[in-house]
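Lifted from Swiss-Prot, the feature list:
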TRANSMEM  11-33  transmembrane segment
TRANSMEM  48-70  transmembrane segment
TRANSMEM  90-112  transmembrane segment
TRANSMEM  127-149  transmembrane segment
TRANSMEM  156-178  transmembrane segment
TRANSMEM  209-228  transmembrane segment
TRANSMEM  241-263  transmembrane segment
TRANSMEM  293-315  transmembrane segment
TRANSMEM  335-357  transmembrane segment
TRANSMEM  367-389  transmembrane segment
TRANSMEM  415-435  transmembrane segment
TRANSMEM  458-477  transmembrane segment
Amino acid sequence: MLLKKRSPTSILGTLALTGIVISYMIGGGIFSLPQNMAASASAGAVMLAWMLSGIGIFFIANTFKTLSIIRPDLKAGIYTYSREGFGPYVGFTIAWGYWLCQIFGNVGYAVITMDALNYFFPPYFAGGNTIPAILLGSLLIWIFNYIVLRGIRQASFVNIIGVVCTLIPLLLFILITARFFKFSIFKTDFWGTAPQHTLGSIGSQLKSTMLVTLWAFIGIEGAVVISGRAANPSSVGKATILGFSGCLLIYVLLSLLPFGSLFQYQLAKIADPSTAGVLNILVGKWGEVLMNTGLLIAVLTSWLSWTILASEIPYAAAKNGTFPECFAIENSKHAPSFSLFMTSGLMQITMLLVYFSSNAWNTMLEITGVMVLPAYLTSSLFLVKFSLSKKYPKQAAIKARIAMITGLLGSLYSLWLIYAGGLQHLFMVAILLALGIPFYVDSGIRHKQEKTFLNRKEILKMTIMALAALLAIFLFSANKIHL
């Protein structure tokens, strides 16, 4: 009997992958959920918003799980799903956009980390764009670069420790707010329709809270992105569902329990991070310190996860010939060294730019949040396409009809997310994605794949993207749309 030798890069189990999914989703924003949700919605609307978002994002999570089962040969998920389903240019565009999203997102974590640190050392890091903040943020960029260079296994171990340290203060917050929970307070004006309140209809409350909930699940694709590092393909789907379920439960409890100890109008006035403000009211100063410490750990942990994923997509794309082949270079620890250094270098440049304009940076963060959404759409559409093809395995554990329904509902919810992200941000994304066209063309020529990369279909797709970018530039320059 022959034993299949496991690749030295395939070293992540279900626990490590789940840790990456959780840390990728749970960033600093979770510590502001109580106020963010209560600012424009009642307890009833918040509960309904999480229910609807949970159902929608479940189909995206299940899309990734299904694809990991029926197509375990496709590594680095969102990139390879897009390429396999819709050609090399769409695959490149998804990889390019996702990479930019990670770079800007990581620098966003640097800014948030420095701002969180300012609680302990005011005023040196206020706003996250002071000189001390830029220097320390830059140092952390290269520290995380070094950690990941030591190997994905070691980085994921550090990540698991960070996840545990993040969850401890969140669980303490849940226990404390549960201890002070009073149903008489919770049920007061449950739907926010009392005359003295200005929350509006349930529909308007839902709309405002859904905009908060939709960003809470960005990162659910974490296990899929590094599926090439998984010890067992089945672990990818398990980690995705476990991470989704765990985060949803935490989000719901963190958002709803405070409504049982404080009234909606009180929660709406608490400064961010509002979990710290809530505990300061309930148990005193130590609760505030605890949550601010948790915020700092959460952001650093997410930053590490995003560093791992930011280097993985260009690495996978380079191995398939879509990105320049230098991005596929590994070190002796099987870490994507060139991709890491290039990613960290671009993060460093962006970090320096933050010093000159923090307001423009906030807008860029919103745009890059939208940039990941097309990857959800193309992955879901690929599942629909594959489930309808003759290539779908007849003996698959998941029936083709179930896979098709999952992909279809995931596609519809992805379209809703893109719409909710805002038309102005979508146009800006078109400009950023179009910037990758020269690199795609160059890669096709260098790899002598003109017939595949530059055939009529791919040229048509590039033309549509270029025209969308030109339209966006015109609309912005004519002040027809604004960021």
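The backbone N, Cα and C atoms fix where each Cβ goes, and this holds for glycine too.
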Quiz item: Taking 48-70, 241-263, 293-315, 367-389, 458-477 as candidates, which has the most Cβ pairs under 8 Å with the transmembrane segment (335-357)?
Solution: 293-315
Quiz item: For the transmembrane segment (293-315), which recorded stretch in the set 127-149, 156-178, 241-263, 415-435 gives the largest number of Cβ pairs separated by under 8 Å?
Solution: 156-178
Quiz item: When you scan the chain for residues with a C-beta under 8 Å from the transmembrane segment (156-178), skipping those not six or more beyond its ends, what do you find?
Solution: 12, 15-16, 19-20, 22-23, 26, 30, 147, 250, 253-254, 257-258, 260-261, 275, 278-279, 282-283, 287, 290-291, 293-294, 297-298, 300-301, 304-305, 308
Practice problem: May I ask whether the transmembrane segment (127-149) has at least three C-beta pairs under 8 Å with the transmembrane segment (48-70), counting pairs 6 or more apart in sequence? | Solution: no
Exercise. Quick one: find which recorded stretch in 11-33, 209-228, 367-389, 415-435, 458-477 has the most Cβ pairs under 8 Å with the transmembrane segment (90-112).
Key: 367-389
Quiz item: Does the transmembrane segment (367-389) reach the transmembrane segment (11-33), going by 3 or more CB pairs under 8 Å (6 or more apart in sequence)?
Solution: no
Quiz item: So, does the transmembrane segment (458-477) come close enough to the transmembrane segment (209-228) to give 3+ Cβ pairs below 8 Å, pairs being at least 6 apart in sequence?
Solution: no
Self-check item: Chain residues in Cβ proximity to the transmembrane segment (11-33) (below 8 Å; excluding those fewer than six residues from its ends, i.e. six or more beyond)
Solution: 109, 112-113, 116, 152-153, 156-157, 159-160, 162-163, 166-167, 170, 212, 215-220, 222-223, 226, 229-232, 235-236, 238-240, 242-244, 246-247, 250-251, 254-255, 272-276, 291, 294-295, 298-299, 301-302, 304-306, 308-309
